[in-house]
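> Take a look at the following structure, please.
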């Protein structure tokens, strides 16, 4: 009993203390409402301005920044670490090149070097030799002299195609492509691209189809002439007269040795089809693609360089870029592309601005292509567009334009508030509080938390905050008028005279009299204490009849209250409404704050910012809004009553409002409760079954899964940019092959000596952190000079070669064996004395000191060798470089080691990626567990390599 009494006493004392605080706060708000309101305004404005002045405004140009998971053991963090390692390797390779250039400069004046340079330029100009020099007999003699020379290593057939096999694939004949001097001059653009090669980035791509849905083949003379006309129009529109462009009508003309597509005739189309189809078998081997992509980066196949399938790269460009994937099987093409290459150097317009930027390309699209039928002549029309990869920048521009919908949201709030509360000032104050809450949250975000990354999704907080703020204001004003109604009823029950801010209208006078009469009847009934059923029914009828009359909002608002009554009303508002707003605000903000658990910075920051906005909006509600309620009661209500602002509405408006009130009362206080009570068991069963079905759908079948496509949709699918992304990329072989190469047997990199710790904080991705002046974290435990560590790395590579998870491991292991032979050569000067050495086994030095000396000599050998390459070289990604060493720049000790293999998988779906990476993690864990068991308690190699 004593404990219960103590708890009760503590509870009572707490309630008394809270009541005192509420009363003092209410008194302060009522007496100093203007000061409180202006002080809140000033603080919020100062905080908002300081956050804008002290920090740069958010940059929304890259919407993908922060949209990937970061943190330990995440794949993206490992990729960021890998990028830093690649940069360090490239830096070392570049340094080695600089050293080598100094050594090579001594030999630049030699005849051999001069001939080599001249040969390079001669190679670049081979395609522009005079056609008169072509001698088919000489080439056929070369074929007979070297028939079995390897012409190309076919990726699809995994064998070397010799010259004779390539000749047979060309139908046992050659087809020289004759071109006029005019055509050759068109292909050569001074200071620009050679018009025989292309890349897939930063150009203007315009895709066409026929206007007639029944006749879809573009290889028709009328369609080609239509495309030819549009080609010249687009060249003028893009202002690209001095750069290369590739179009289907132009290419058909070239194959007939015509320099202008306007000279095309119907007879040129069969010639074009026959010449392209002749290369079909050769294209299937991959030879044409290899030669086409290596154009002027590696020498084309000399024996066939003048053949139609290789000359000027026309056939490759046509098959991959200008004709859709169905051509080789149907001799028809439904779609075609026009490629207009961007200039290599910036071009300045007459007004001094640079053209061919993402901004000018977007403006060009809006002005000439968006919802414009200018290029539909009844024969062909534009199907899709890709302007310099501006799809994402254009989407960001559209999102920025869509942010003006917040004005629509504000307008709706103003309209609803005017109808519900009959006050424009309340609506304006609601939106002002939204802006101030946003400013305070932005201050906390930028200044207090120090977060630089501000995702675009944070701006969506404005729309959510408008709805929440509007609800809070309605709750506060409803509570205020409810307290005022209590004072109104109390005055009528006590027969005290009620004063109003203004003169009542005739209708309001009648209403006031009806309220007094009804109150008198209630008092009379209580005095006579009649409680029979009939009289009770009459009471219910009377209350129902006068329900809306007693709660007439006009009378309640016009009723004059003194300062003491305002304090009493504010106490009631804070006790009931503020408590409700507190609970709803904190539960809503807590729901958003839970997003901080995510590893995706976008989700984390949106949850943080949105939660802060809601909390600050709650503070605005219990400070500035309640202060505004007093200001509104003291100033706005008297002015409204004095001028009769809301007394001039038509009678039909009042009738509609009364009818809506009655309907609202009937639905939510009469019918819905009756239905819920009567069918409660049905509703419980129905929604329980519905909830279980929802859980099954979400978590079992079909369940929530990532999108199968690796592409992001920004616009509607019928938008020209989205049609390119989701349709044209799947119609043209250039993009199909590019995607296939990216997802087929991708590279897998094993790295030892570097921790997978991403030093860049996900909230501040532009700030680089360092550890020991390094932007990557090295593992100090691993010792690459330990013979046991080298022996385990050799065993690990052998295990990879035996596993079905990997491919091309043998190429990596061959280079690993070469490293072993070099180490052996640096240690054992007389190699002939050791005849027992197995060339197929990696040589491991016997002591750490021998390994250290041999490794240093190995690095010196690499630095002095010309066989080095950076990531920007043309042979990057080839089988030439599958091992990497990262020495410490100060001590020159080996800090990290990496090697490359290929994954034996095709990543065509996210589920395949997920399953493969799970198998990969399990495989590596098993290798480490096997090492741990083999070493026993005294082993140390496991501790060195477990971080890999």
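Using the three backbone atoms N, Cα and C, a Cβ is placed for every residue, glycine included.
Take a look at what TrEMBL says about it:
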TRANSMEM  36-55  transmembrane segment
TRANSMEM  401-420  transmembrane segment
TRANSMEM  426-445  transmembrane segment
DOMAIN    448-631  domain 'SSD'
TRANSMEM  457-477  transmembrane segment
TRANSMEM  567-593  transmembrane segment
TRANSMEM  605-631  transmembrane segment
TRANSMEM  679-700  transmembrane segment
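Tell me about the surroundings of these features in the structure.
Here the transmembrane segment (426-445) has Cβ contacts under 8 Å with residues 40-41, 44-45, 47-48, 50-51, 410, 413-418, 451, 454, 461-462, 465-466, 469-470, 473, 477, 608-609, 612-613, 616-617, 619-621, 624-625, 628, 632 of the same chain, all six or more residues outside its ends.
Sequence-distant contacts of the transmembrane segment (457-477), counting only residues of its own chain at least 6 positions beyond either end whose CB sits under 8 Å from a CB of the stretch, comprise 403, 405-406, 409-410, 413, 416-417, 420-421, 426, 429-431, 433-434, 437-438, 441, 573, 577-578, 580-581, 584-585, 588, 602, 605-606, 609-610, 613-614, 617-618, 620-621, 625-626, 629.
Listed as Cβ neighbours of the transmembrane segment (567-593) (distance under 8 Å, sequence separation of 6 or more from its ends, same chain) are residues 22-23, 25-27, 29-30, 468, 471-472, 475-476, 478-480, 482-484, 486-487, 561, 606-608, 610-612, 614-615, 617-618, 621-622, 626, 629-630.
A Cβ distance under 8 Å defines the sequence-distant neighbours of the transmembrane segment (605-631), meaning residues of its chain 6+ beyond its ends; these are 29-30, 33-34, 36-37, 40-41, 44, 66, 426, 429, 433-434, 436-438, 440-442, 444-445, 449, 451, 453-455, 457-458, 460-461, 464-465, 468-469, 472-473, 476-477, 480, 566, 570, 573-574, 578, 581-582, 585-586, 588-590, 592-596, 598, 763.
Within the same chain, no residue sitting at least 6 positions outside the transmembrane segment (679-700) brings its C-beta atom closer than 8 Å to a C-beta of that stretch.
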> Where does the mean pLDDT land for the domain 'SSD' (448-631)?
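Mean pLDDT for the domain 'SSD' (448-631): 79.
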